[in-house]
Amino acid sequence: MHDIKAIRDNPQAFDAAFTRRGLAPIAGSLMKLDEVRRAAVQAAEQAQARRNAASKEIGDAKKAKDNARAEALMAEVTELKTTMPALDAAVKEADEALKKALSEIPNLPLPEVPEGADEHGNVEHHRFGEKPSYSFTPKPHYDLGEALGMMDFEAAAKLSGARFTVLKKGLARLERAIGQFFLDVHTGDHGYTEVNPPLLVKDDAMFGTAQLPKFREDQFAAGAIGSGGEGYWLIPTAEVSLTNLVRESILDEKELPMRLTALTPCFRAEAGAAGRDTRGMIRQHQFTKVELVSITTPEQSKDEHERMLSCAEEVLRRLGLHYRVMTLCTGDMGFASQKTYDIEVWMPGQGEGGAYREISSCSVCGDFQARRMDARSRGSDGKPRFVHTLNGSGTAVGRALIAVIENYQQEDGSIAVPDVLQPYMGGLKVIAKA
């Protein structure tokens, strides 16, 4: 969420950055809402101040035995008591209107983010490795998985409907191995602290990381739980749980950056555009992901963003997968992001002749989420300030499974197990039909 004071101080600069997202200028309408709020606050404060002063004057009038003045002042206080609830209600209404407006507009892109309307405006940053070559035509993961008897979409549809998958035997074990491998690298080599967070969160948590209110329809609501009747949400990403661990807190800057990671199921009601990726595991309502979250000072966040990207890349490098890194343009960035790198892994079984598919997004959010969460830090000067937050996939386990299946497929339909995963598979080198 944005700082209305900063918008008031320089509305032209705010609109210049905001319109780079392809959106209309908005600073003027926000300042009008703020003017209404400030006027309401001023009226309420003046009424309270007059009530306090009049109450004191009543005592003075009584001491002076000025009964007429005392009675007039008491009548004034009574009238103020009657009008003040309406003034307080006006303040609350104006506050909520401004907060709602601020909560529904996206973060501002950093100056170096390329301009563009959609994914076609994204810019390649760099790439790793080469596309593998085959003496046969590579198959998509769903054909390979079904032929192995280890990927069952029909059974999943009976249980849950479209966009779910049942994994069995070797592929179920392979997905588990990938997730464990990712966690071991990030905790053992990259210094992240492993967390096992709740999968159900409250409204405040979803608001804090900016899934609510704008993306309410994209989420799975778990309904009312318990006698309190409070609703819960299934997390769309562990970013929600991990980032909100610092909500409503003041951290010691000596402890920053704080780096957290979690391997969790994720749940998303929006599984992509209608008719797109309807087969296979690319777009699922439920999927597994290793999330990376960093909490930093403003001075640390830029370097931390580059570091997070390299951590996400490293697990793919160790798997021997070819990928490219894209800098997302202003029109393709996420709502809370200031700048985002997407890692797109090569999948030879996708489309005609293979395709790059997103497997990780690494974003720096500045203080956008911190303001929503009231997450601050205190440095040597003793003054609290908002932290910066970053999040990234380290990486999506289901898509990494697809990438391994398609890149390591063999002509007979079996799947070679990458060397780094074999210890997690009990030494198994090939997944084949029994």
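Glycine is treated like the rest: Cβ placed from N, Cα and C.
Residues or ranges marked as L-serine binding site by Swiss-Prot: THR237, ALA238, GLU239, GLU291, SER393. In the three-state DSSP scheme, SER393 (L-serine binding site) falls into the strand class.
The feature ATP binding site is assigned by Swiss-Prot to ARG268, ALA269, GLU270, GLU358, ILE359, SER360, SER361, with sequence analysis given as support. Reduced to three states, the DSSP call for GLU270 (ATP binding site) is coil.
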How many whole Å apart are the CA atoms of ILE359 (ATP binding site) and SER393 (L-serine binding site)?
8
ARG268 (ATP binding site) and SER393 (L-serine binding site), distance between Cα atoms, whole Å:
15
Residues THR237, ALA238, GLU239, GLU291, SER393 binding L-serine per the record - widest CA separation, whole Å:
9
Cβ within 8 Å of the L-serine site's Cβ centroid: which residues qualify beyond THR237, ALA238, GLU239, GLU291, SER393?
VAL240, LEU242, ALA262, THR264, CYS266, LYS289, VAL290, LEU292, VAL293, ASN391, GLY392
Of the binding-site residues listed as THR237, ALA238, GLU239, GLU291, the one whose CA lies nearest the CA of ARG268 (ATP binding site):
THR237
Per DSSP, GLU291 (L-serine binding site) is which: helix, strand or coil?
strand
For GLU291 (L-serine binding site), which of the binding-site residues ALA269, GLU270, GLU358, SER360 has the nearest Cα in space?
SER360
